[in-house]
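Below: the structure, in structure tokens.
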Amino acid sequence: MIGAVLAGGRGRRFGGDKLLFRISGKPLLLYTIERLEQAEKIDEIVLVASKENAEKLRDFGHDVVVDELMIGPMGGIFTALSLGDAFVVAGDMPLLVPEFIDFIVERFEEAKKPACVPRWSNGYLEPLHAAYSSSFRDFLEERIKSRNYAINQAIRESDACYIEIEKLPEGWRESFFNVNTREDLRRLTPLRTRDNPDTLR
């Protein structure tokens, strides 16, 4: 299973390239990659980039593919699935739980559905922490042609399997945390070094 990291966003709310912002001396994106590398079900990692940041991302040591569409999450997922089945996450999710990723991939393999997506009790989906079949790409292609870029709607109208989040270990929920603003960085205490516990730089 490919681990696809969507890393083509512009980070407008953050005020700069948040994926390269350093936390305890290490780029935010690297935390996401390292957590994904710890998942036993992930065989290789691919970074889905924009044309603008593709060269910078090659420094992270993984294959980089360019999202030519730049229509949001759907375009990134569509691009990733050109390479095969993929577990897709956003690059700004530094608290990924490897065991949770493995759990989702196992459910995906068992269910044999086009997608396997975590779902909250209120119906809210987590499409950027989910497993997708390469066959789902054909379904997305029709959406893209009609300019319907709503990924949650596409998932709901496909024959997806869902993982009920409230039935899982509560500690796994931190896996969904993503950094949108600089204020969000204050929640990243687990990533600070022991020697520099109060420094985010």
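Glycine is no exception: its Cβ is also placed from the backbone N, Cα and C atoms.
The candidate list LYS18, LYS56 contains one residue that Swiss-Prot assigns to the GTP site with LEU6, ALA7, GLY8, ASP67, ASP92, namely LYS18.
Taking the Cβ of ALA7 (GTP binding site) as centre and 10 Å as the limit, one finds 28 other Cβ atoms among all the protein chains shown. In this structure, LEU6 (GTP binding site) is part of a beta strand by DSSP.
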